[in-house]
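Positions annotated as domain 'ABC transmembrane type-1' by TrEMBL: B:92-308. The feature transmembrane segment is assigned by TrEMBL to B:32-50, B:96-117, B:138-158, B:194-213, B:234-251, B:287-308.
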Amino acid sequence: MKRDRRTLGDIVFDNINVIGMLLLCFITLYPIWYVLVNSLNDGKDAMTGGNIYWVPRMFSFENYSTVFKNAGIMTAMGITIAKTVVGTVIHVFFTAMVAYAYSRKELIGRNVYMVIGTITMFFGGGLIPTYLWYRDLGLLDHFGVYIYPAMFSFFDLVIFLAFFREIPDGLEEAAKIDGANDFSIFVRVVLPVSLPVVATIALFHGVWQWNDYFTGLLYTNKEVLQPIQTFLYRVIAQSSSNQMAQAVGGSITRRVTGQSLKMATMVITTFPIVLAYPFLQRYFVKGLMIGSLKG
Amino acid sequence: MSVNLSTDTRGHPTVKAGIRSKFLAKLWGQRYLQVMALLGVAWMILFNYIPMYGILYAFKDYIGIGKMGDAPWAGWTHFQEIFEDDQMIQVIKNTLGISLLKLVIGFPLPIIFALFLNELRSLKFNRIVQTISYLPHFLSWVILGGILTAWLADVGIVNDILMGLHLIKEPISYLAEPKYFWTIVVASDVWKEFGWGAIIYIAAIASISPELYEAATIDGAGRFQKMRYVTLPSIRGTISILFILAVSALLNSNFDQILVLKNQVNESASNVIDTYVFETGISQGRFSYSAAVGLVKAVIALFLLLFANSVTKRMNQSSLF
């Protein structure tokens, strides 16, 4: 496709294509922009003065300061941060560790282990048996429900597996001669050279942990264990905006409304993901390839 | 073998013991590896296999207290109940309807997007569009639910625009009307996932040999002809594998999304198998009945997977298994 070969048809095609792509970018970004400008606008004004499309009409940080002053929302945020950090570290370490053992050709029983794992990708108990089993395990209303059931995934193991196979054997052998055991080889040699795949799985799992509202909804009744997404789900799907205002403490005398508080909470909830996204993006495209094309 | 021939019956077990001790020595040598692997197996037993055993709840009369083993057997009564349940027809209709729409609209769009992205002349612009396109994948359905409820409300911007253009006279509460529900669900799903879904196709297209395009250019092929005769056939394998996966997930009409957008007013269009299991099971405590519904769903899903696999296998020799 050299520039000098462009025919009139090509030029028309290219221009339409570019315009189409620009339109697509706009459609993708605008909803996010909408939430941002509405979170920065005075709540009462947004409610009475008509919709805000492009820029805040009455600029205000009050929505944010109200949200940050609210103990309930901040607790929920703390739970979300805790479950994301702890859950991701444990998930990545544990899944990679099992994957490393699975990746070694000399592992006795390797085929049996693979079959045991593959079955879990296609079959499961379903919602009710799982719920009742977690209840029997004492995981209801327990922080562990965010961590233990999510600490391993066979699908992620397959992605790790594809990556570990590419590591040259010499690296491990050298460590073995130095007297290292398999576990310390995994921790000191394999993990450090596997940064791209570790970052990919960490991103996927981290995003899942951050965004998951269902675990909190299903397995916890205690408000202090509720992550921010579950909190938002309850005010968005199950109630009117007034309840958001009440949830925030009933001290709504001034310029904020349930709707404007929702917008601010949504921005705060989404911000970390948008922030981490550019850093991790270069890893996940690569990581996704490894996993999807071979798995 | 020679050892076996030359010694008597007393020699035989010696050889066997030698093999066994060799095996044990090898096993001992990889004890760390074995522990690492078995920890994974233990996790799977605890969190995958024991819940599978819990499928037996569907054949019991379990009322929510005590152990499963103590509950009386119910045989197939819960499965008979499914056929007598008036709501089931609606639930199945919604599940299949929403899923099929998502498949028909949501499956080809990433492919088309990848094809046109590939035609962009500027690599830099290509990267920017890609980066923007998969951003929504990282937003949660709760956040999207928040945006949608705000936009689709009586005073939301959708009504604002449509009334401004004089297309409608009265504001419509879109989420309160069942007839709009499927459209909302499918459109928002497409918006969220089209860019993400395209990643694999983009990679597959990138690995096509440029010589094929050059040859096509010499043969006088235009842009669309190159798409049709070079790009599409080259990514056929990728398309069929993703198609199998999409069909096998047909009954999963995205629980997270529907739960957020569902309410009591739009229930006739929004109640799907997953939400039905959740509500009858967890909210109403009919554990055994909803476990039976879940099991029926899993069985149908398995058949769908096998069906899609055999169809694509016959079509172009690529399949999952």
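Cβ coordinates come from backbone N, Cα and C, glycine included.
Remember, predicted model here, so these are calculated numbers, not experimental data.
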Sequence-remote partners of the transmembrane segment (B:96-117) [C-beta within less than 8 Å, at least six residues beyond its ends]:
126, 129-130, 133, 182, 185-186, 189-190, 193-198, 201-202, 205, 227, 231-232, 235, 239, 242-243, 246-247, 250-254, 258, 272
If we skip the immediate neighbours and take only residues 6+ beyond the ends of the transmembrane segment (B:287-308), which ones have a Cβ under 8 Å from one of its Cβ atoms?
54-55, 57-64, 71, 74, 78-79, 81-82, 88, 243-244, 247-252, 273-274, 276-278, 280-281
Would you mind listing the long-range same-chain contacts of the transmembrane segment (B:138-158), meaning Cβ under 8 Å and 6+ residues beyond its ends?
171-175, 184, 188, 192, 254, 256-257, 259-261
If we skip the immediate neighbours and take only residues 6+ beyond the ends of the transmembrane segment (B:234-251), which ones have a Cβ under 8 Å from one of its Cβ atoms?
95-96, 99-100, 103, 107, 111, 200-201, 204-205, 208, 212, 273, 297, 300-301, 304-305, 307-309, 312, 315-316, 318-320
